[in-house]
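S.K.: Here it is: the structure, laid out below.
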Amino acid sequence: MAEEGVLRPQNFGLSVDDEEGFAPTSSATGSAGSSGAGPGLQFMDTSAYDASAASSSYTSGGVSDQGASSAAPSAGGGFFGFGGSSGASSQAFVEDEPDEPLLDELGIHPSHILKRTLLICQPWKSVKSAASGHRDDLLDDNDMAGPLLFCFALGFLLLLQGKMSFGYIYGVGMVGCVGIYALLSMMVNEHKLEFFRVVSYLGYSLLPIVFLAVPAVFITAQSAVMYVMVVVAVVWATRSAASLFVAAEGMDKQRYLIAYPIGLFYLGFALIAAF
C-alpha cells in the first residue's frame with residue numbers, strides 16, 4: 001500500500017490490481033525497472049509502436065498526404081504539395097492568359113478616338129460609306145468616351161467664362177439626342193437604328209463647338225467676330241454629323257432633311273458657348 005500524502009500517478013498503460021492501489025503490468029514493470037524510475041512511477045511501453053507508422057498516408061480536411069515526405073515542405077518552398085516549383089504540383093497550375101489592357105476592357109480605344117477626332121477636324125474629307133464598297137470601320141464604333149470628353153472640355157471652358165453650365169450641356173444634349181434618334185428612326189426603314197450610335201456621332205461632331213468656346217473666353221460676345229465664328233462652328237458641326245449619318249445609313253437623298261434638326265441642335269450649344 002502506497003504511503004499517505006504521496007500523489008499517485010495516472011494510470012497510463014496500467015491495470016488495477018486490488019484495493020491496495022495500483023500495480024504495474026509485467027511489461028510496464030520491466031520498462032520502469034530498466035529506466036531506473038522509482039516504484040511509484042510507471043510508464044507506457046512504446047516498443048509496440050513501429051516508427052514506420054509516421055509515414056502512413058492519411059486524409060484530413062480534404063487534403064491527402066502521401067507519406068511524411070509529401071507533408072514536409074518541398075524543395076520549391078511548398079507545403080502539402082502547394083507552392084512547389086517542381087514535380088506533379090507544377091502541372092496542376094496552368095499559365096494564365098495575358099490580360100487585355102484596362103482601356104480595352106472598358107471599351108475605350110484611344111486610337112479610334114484619335115481617328116474620329118481627326119475626321120471631324122477635316123470637314124472637307126468624305127467618309128467612306130457602304131455604297132462606295134469600302135465602308136469605314138469608324139462608322140461601326142459606338143464609342144462614348146469621346147463625346148463625354150468633349151462635354152467635359154466644353155463645361156471646363158464655360159467655367160473659365162464664369163458660367164456653370166454643366167446642367168445645360170447635359171440637358172440639351174440628352175433632349176437633342178432623343179429627338180434626333182426618334183426622327184432618324186422614322187426615316188430609316190430597312191433596319192433598326194442604334195441609339196448609342198446616334199449619341200456617338202452627335203457627340204464627336206460637338207468638337208467645333210468646343211473650339212468656339214476657346215476664343216469666347218477672351219472675345220466679347222457682342223462683337224461681329226463672335227457672330228461669324230458662331231455661324232462657322234454651327235455649319236461645321238452640322239456638316240460633320242450629317243456626313244456620318246449619311247455614310248452610315250445610306251441616306252444620300254435625305255441629307256438636307258437630316259441636316260436641318262442637327263443644325264438646330266448645335267445652334268443651341270453655340271448659344272450656350274458664346275453668349
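Note: Cβ is positioned from N, Cα and C throughout, glycine not excepted.
Below, the features straight out of TrEMBL:
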COMPBIAS  23-32  compositional bias 'Low complexity'
DOMAIN    139-274  domain 'Yip1'
REGION    1-41  region 'Disordered'
TRANSMEM  168-186  transmembrane segment
TRANSMEM  198-218  transmembrane segment
TRANSMEM  224-245  transmembrane segment
TRANSMEM  257-274  transmembrane segment
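So where do these features actually land, and what's packed around them?
M.R.: The domain 'Yip1' (139-274): residue composition by secondary structure is 109 helix, 0 strand, 27 coil, according to DSSP.
Nonlocal intrachain contacts for the transmembrane segment (168-186), taken as residues 6+ away from its ends with a CB within less than 8 angstroms of a stretch CB, comprise 151, 154-155, 158, 192-193, 195, 198-199, 202-203, 245, 249, 258, 261-262, 265, 268-269, 272.
Here the transmembrane segment (198-218) has Cβ contacts under 8 Å with residues 116-117, 120-121, 141-144, 146-148, 150-151, 153-154, 157-158, 160-161, 173, 176-177, 180-181, 184, 226, 229-230, 232-234, 236-238, 240-241, 244-245, 248, 262, 265-266, 269-270, 273-274 of the same chain, all six or more residues outside its ends.
Sequence-distant contacts of the transmembrane segment (224-245) (same chain, six or more residues past either end, CB-CB distance under 8 Å): 119-120, 123, 126-127, 139, 184, 201-202, 204-209, 211-212, 215-216, 251, 255, 258-259, 262-263, 266-267, 269-271, 274.
Sequence-distant contacts of the transmembrane segment (257-274), counting only residues of its own chain at least 6 positions beyond either end whose CB sits under 8 Å from a CB of the stretch, comprise 154, 157-158, 163, 165, 168-169, 172-173, 176, 179-180, 183-184, 187, 202, 205-206, 208-210, 212-213, 216, 221, 226, 229-230, 233-235, 237-239, 241-242, 245-246, 251.
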S.K.: Considering every residue in the domain 'Yip1' (139-274), what is the mean pLDDT value?
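M.R.: Its mean pLDDT is 90.
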